[in-house]
């Protein structure tokens, strides 16, 4: 029968796996790392709070897509909490942690990643429902959106707790990984493969939607009335989503590949030398998202700017021309029916020309 090591400190597992815990991070180097990390985390808290507040206060954002976008910002906010906890429980401190505290540290990171990933999957479903039905926004009710958000967090919390629930190597030391010394290599393989598979599915779905919208926009543009900005609104919304997805994949894929190599017990891969850089890259994803939201949507930018300047928000104010016009229209406008009406007009024009 295998001996279990629940009562050991983490130095026992780090020493067995020869894991680098950055003992050299002392003095000036440690202060610089903590200062830079603190700055990024404060920005994550501030900017993602603005995104959530903007969706709540501005009625132009009261659509399923933007509720889910706010939930993605909440996942980034949670990631900031996970990174703060990591900063003060890493380096030389890592070896002094108890098993439960280390599992909490890693569980927070796993939960934040799963929440972001699951939320992007839900957004993919919402976008597919709306675009394939010729609408800018889906007809999901607030109740259904709320249930989807709760489902996202339930899945995220469960996935973050799986190692704590038993899928670890505390009773089978020979199965321990190197980067995560009390995670089983089998769990790392499962976790990374499932995430990479989800990445692939999302990319396929979004590329399919993007190509569909682009094709429809190109076909309908010569035959439809209305401003160019309104005709291109669906494409602009998809570009925002694709930019967020692209940033997520670029920031997280390298780290997941390294974890997969560790799970496969690759001895020649030198995974220890790159782990901190890929963790920093993952941190930058939560920094980038609010910047993407505000840059790609003028209404989001204006709402966030007014909140920063403590200016009153007038939801009835006339919008100014934007560098990239917002994709949101009022409910009394043709926003939700725009694509459907455009197709009808295009068909009429085609018949007339024939």
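Heads up, residue numbers simply count up from 1 along the chain you see.
Glycine too: its Cβ is placed from the backbone N, Cα and C atoms.
Among the features that Swiss-Prot reports, N-linked glycosylation site is placed at 15 (among others), with the record citing sequence analysis. Just so you know, the Cβ of residue 15 (N-linked glycosylation site) picks up 12 other Cβ atoms within 10 Å once every protein chain is counted. Annotation note: residue 15 (N-linked glycosylation site) sits in a helical segment as assigned by DSSP.
Residues annotated as N-linked glycosylation site in Swiss-Prot: 172 (among others). Counting only same-chain residues at least 6 apart in sequence, those with a Cβ under 8 Å from the Cβ of residue 172 (N-linked glycosylation site) are 2, 184.
Here Swiss-Prot flags 309 as S-palmitoyl cysteine. Secondary structure at residue 309 (S-palmitoyl cysteine), as computed by DSSP, is coil. Taking the Cβ of residue 309 (S-palmitoyl cysteine) as reference, no residue of its chain lies under 8 Å away while being at least six apart in sequence.
What Swiss-Prot records for 1-31 (among others) is topological domain 'Extracellular', and it gives sequence analysis as the kind of evidence.
Looking at the topological domain 'Cytoplasmic' (53-67) alone, the prediction's average pLDDT is 89. Residues or ranges marked as topological domain 'Cytoplasmic' in Swiss-Prot: 53-67 (among others).
If you look up Swiss-Prot, you'll see 89-101 (among others) marked as topological domain 'Extracellular'.
Summarising the annotation, Swiss-Prot assigns topological domain 'Cytoplasmic' to 125-146 (among others).
Look at Swiss-Prot and you will find 168-186 (among others) tagged as topological domain 'Extracellular', backed by sequence analysis. Across the topological domain 'Extracellular' (168-186), DSSP helix (H, G, I), strand (E, B) and coil residues number 5 helix, 2 strand, 12 coil.
As annotated by Swiss-Prot, topological domain 'Cytoplasmic' applies to 208-240 (among others), with the evidence given as sequence analysis.
In terms of DSSP secondary structure, the topological domain 'Extracellular' (262-276) contains 7 helix, 0 strand, 8 coil. Swiss-Prot lists 262-276 (among others) with the feature topological domain 'Extracellular'.
Under the heading topological domain 'Cytoplasmic', Swiss-Prot lists 296-354 (among others), citing sequence analysis as support.
Summarising the annotation, Swiss-Prot assigns transmembrane segment to 32-52 (among others) and lists sequence analysis as the type of evidence.
Packing against the transmembrane segment (68-88) from elsewhere in the chain are residues 33-34, 37-38, 40-41, 44-45, 48-49, 51-52, 55-56, 61, 104-105, 108-109, 111-113, 115-116, 119-120, 122-123, 126, 145, 148-149, 152, 156, 244, 283, 285-286, 289-290, 293: each is 6 or more residues past its ends and has a CB under 8 Å from a CB in it. Summarising the annotation, Swiss-Prot assigns transmembrane segment to 68-88 (among others) and lists sequence analysis as the type of evidence.
Per Swiss-Prot, transmembrane segment is recorded for 102-124 (among others), and the stated evidence type is sequence analysis.
Long-range contacts of the transmembrane segment (147-167) within the same chain, counting only residues at least 6 positions beyond its ends with a Cβ under 8 Å from a Cβ of the stretch, are 67-68, 71, 75, 100, 103, 106-112, 114-115, 118-119, 122, 140, 182-184, 186-187, 191. The feature transmembrane segment is assigned by Swiss-Prot to 147-167 (among others).
Per Swiss-Prot, transmembrane segment is recorded for 187-207 (among others), and the stated evidence type is sequence analysis.
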Stretch of maximal Cβ-Cβ contact with the transmembrane segment (277-295) [cut-off: under 8 Å; candidates 32-52, 102-124, 241-261]: 241-261
Number of helical, extended and coil residues in the topological domain 'Extracellular' (89-101), per DSSP: 9 helix, 1 strand, 3 coil
Surrounding residues of the topological domain 'Extracellular' (168-186) on its own chain - C-beta under 8 Å, 6+ positions past either end: 2-6, 10, 13-14, 16-19, 99, 102-103, 106, 258-259, 262-265, 271-272, 275
